[in-house]
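Per TrEMBL, the features are:
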type     : residues                                                   : note
BINDING  : 35, 86, 121, 158, 269, 335                                 : NAD(+) binding site
BINDING  : 155, 156, 157, 158, 210, 255, 256, 257, 258, 259, 263, 328 : substrate binding site
ACT_SITE : 266                                                        : active site, nucleophile
DOMAIN   : 321-425                                                    : domain 'UDP-glucose/GDP-mannose dehydrogenase C-terminal'
Ligand code: NAD
């Protein structure tokens, strides 16, 4: 098929590359000149395991190419994905301006029958809105084509995006139009071979499913973070509690990790957007709002522990090594990462920070530039040089088994703050270090 994908971010580029890989001809539209320039040279402008090879391979065989505008990218496409950003507005509402802009341009340039796939995470009513914008633009031009908008939320996770896209648990399609669904079934056929994964529902259900899934996962994390505080208060270890809970097959073991709070471009914004959607519908999503509030507080937790250890006011002129900047391992994405809250709090208290992440250093440089008090280090060892204490914020594999004796020899104040419960407190303490985890009373 001939496919156009609008937006070459994490979702758009993975979608484009995976559909190209199975034989479709895919045009990616990206309006960011920097991203486009990199992609033209087959360079993926962010870190996602396996994606560079996939993109390079498909460019080489001519199944994937990049253009700067929808006017140039729509051509004779049969399917056009909208995979643009929907960042949060201060109210929590999803900012729909990129989706609206893309819809208007599709309406201005569509020249034949087309299925428009709304893949961006967007509130209930977006399919209808996009359809309305496209129909209005076609009417203005005095043209008439069969254009049908389908909701198809994306459930991939950064860090395992290709695997999730090609072998995901389900493919949700929201549409009342059988003809459009038939086109989508054909397009997804290579990823739907072994057992039926396609679930067709009405657009509103499909749109809500995405927010419901992310809010559920975020709820589990905030629940465990709240429980971690209780564990500290009553002298339990949340890691033991987690294992005890996870063995119950009704609960399961996924997303039960207490830590420094959830981040990334999805959970924080999607929980807020669900709460906003509820307010718009005249109700109060008490649980979703609590999930968000618990998380905001949790992101301060490591700093509180550090401040408590060093006695108030004594952070000035101390130096902290921070390992891990990305919001989770295997990505360079720092959007809403808990590391930002910790580092800002430390700098705000007059401390110096020496930070390292295996792949997010460019993201950190873009975020902070030259920031007084903050040194972005070339490796984990340099971050430790002259440091009083170490905080780990992202559970990269490479941080899982450090030499604690060496850490004890290097850290002046002999203290570690384990924001992901990576280490065995006993092993750390026997090396002569003070250990602080999350919920390990
Ligand atoms: P992103 O911000 O990384 O990428 C969006 C891209 O779209 C940007 O490069 C931007 O320049 C481009 N763009 C915007 N308007 C355009 C236009 N008119 N023409 C051409 N390009 C345009 O976003 P993302 O992380 O890929 O997320 C996209 C959507 O998918 C969001 O709604 C997000 O919530 C959702 N989502 C993201 C993930 C994830 O893990 N990142 C997972 C599932 C769903």
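Positions of Cβ are set from backbone N, Cα and C atoms, glycine also.
Given the structure is predicted, the values throughout are model-derived calculations rather than measurements.
Annotated features taken from TrEMBL, shown on the structure.
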| residue | record | DSSP class |
| --- | --- | --- |
| 35 | NAD(+) binding site | helix |
| 86 | NAD(+) binding site | coil |
| 155 | substrate binding site | coil |
| 210 | substrate binding site | helix |
| 256 | substrate binding site | coil |
| 266 | active site, nucleophile | coil |
| 335 | NAD(+) binding site | coil |
Rounded to the nearest angstrom, how far is the Cα of residue 210 (substrate binding site) from the Cα of residue 35 (NAD(+) binding site)?
27
Enumerate in sequence order the binding-site residues 35, 210, 263, 269 whose Cβ-atom distance to ligand 1 is under 6 angstroms.
35
Considering Cα atoms only, can you say which of 86, 121, 266, 269, 335 is the nearest neighbour of residue 157 (substrate binding site) among these recorded positions?
266
Across all protein chains in the structure, which of the binding-site residues 210, 258, 263 has the highest Cβ count within 10 Å?
258
How many neighbouring Cβ atoms, not counting its own, are there within 10 Å of the Cβ of residue 335 (NAD(+) binding site)?
18
Including all protein chains displayed, how many Cβ atoms other than that of residue 256 (substrate binding site) lie within 10 Å of its Cβ?
18
Nearest by CA distance to residue 269 (NAD(+) binding site): which of the binding-site residues is it, out of 155, 210, 256, 258, 263?
263
Going by DSSP, how much of the domain 'UDP-glucose/GDP-mannose dehydrogenase C-terminal' (321-425) is helix, how much is strand and how much is coil, in residues?
35 helix, 19 strand, 51 coil
Output, ordered by sequence, the same-chain residues six or more apart from residue 121 (NAD(+) binding site) with a CB under 8 Å from its CB, or 'none'.
86, 94, 153, 154, 210, 211, 214, 266, 270, 273
For the domain 'UDP-glucose/GDP-mannose dehydrogenase C-terminal' (321-425), what's the model's average pLDDT?
97
Other than its own, how many Cβ atoms are within 10 Å of the Cβ belonging to residue 157 (substrate binding site)?
17
If you measure residue 158 (NAD(+) binding site) to residue 263 (substrate binding site) at Cα, how many Å is it?
12
